[in-house]
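Novice: Pasting a structure here, questions to come.
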Amino acid sequence: MTTNPKPAYQRILLKLSGEALQGSEGFGIDPTVLDRMAQEVKELVELGVQVGVVIGGGNLFRGAGLAQAGMNRVVGDHMGMLATVMNGLAMRDALHRAYVNARVMSAIPLNGVCDDYNWADAIRELRQGRVVIFAAGTGNPFFTTDSAACLRGIEIEADVVLKATKVDGVFTADPVANPDAELYDKLSYTDVLEKELKVMDLAAFTLARDHKMPIRVFNMNKPGALRRVVMGEAEGTLITA
């Protein structure tokens, strides 16, 4: 008789990029991709893992891009935050269809649409086995959703921030442009800063470093990768002190 292996993490913060939701469409939300991600999250919940999620908004609007086009950066960032709420609602709906209880908590009050972010409520929901989707970034302009992921991860005392990307982890160079680039298995925060590796923006990364929040970068497009990460198997790149 085999005993079921236990997950390596009890509580995680999963950071998904908005682009991940668009699939091959190039814009918006691909329902097939959304449903697949919901199923992967469901697997974790069934393992007893507590899951917090932060989703970007780049598939709909990106504040920095709008600012480059001449829009006021604060207005652009507000639009970006609302895009993350739209993605969060879509993810909650996909989870509900997969029979997973989920709540969207927004850093910007949107009465009648989703709940306001509340730290104590979030912890309680997670303990009860519900997935909590943190929307609207940090609620402030000039902060990325990577910053929001690290902030919420630290607040809810997650064991790790899992950054889902389109590549297998952190490489010595851009693996798309350079096929010879090598994948790092483990890195320290100092390594990342000294080598100027693009893991996440500096504000987000230094926040994680200062609070000793481990970050694991992995490929969400790889079937079963999320489960393998949570089970403590070799997948992606782990960044720790």
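Going from the start of the chain as shown, residues are counted 1 onward.
Each residue, glycine too, has its Cβ placed from N, Cα and C.
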Novice: Per Swiss-Prot, which one of G52, G57, G65, G169 shares the UMP site with D77, T138, G139, N140, P141, F142, F143, T144, T145?
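Specialist: For UMP, Swiss-Prot names D77, T138, G139, N140, P141, F142, F143, T144, T145; of G52, G57, G65, G169, the listed one is G57.
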Novice: For the feature region 'Involved in allosteric activation by GTP' as recorded in Swiss-Prot, pick the matching range from 23-28, 209-214.
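Specialist: That would be 23-28, the stretch labelled region 'Involved in allosteric activation by GTP' in Swiss-Prot.
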Novice: May I have the DSSP-based helix, strand and coil counts for the residues of the region 'Involved in allosteric activation by GTP' (23-28)?
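Specialist: So the counts come to 0 helix, 0 strand, 6 coil.
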Novice: Given the binding-site residues S17, T138, N140, T144, T165, which one's Cβ is surrounded by the fewest other Cβ atoms within 10 Å?
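Specialist: Fewest other Cβ atoms within 10 Å, among the binding-site residues S17, T138, N140, T144, T165, is found for N140.
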Novice: For the binding-site residues K15, G58, F142, work out the Cβ neighbour count at 10 Å and name the residue with the minimum.
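Specialist: Checked K15, G58, F142; of these binding-site residues, fewest Cβ neighbours within 10 Å: F142.
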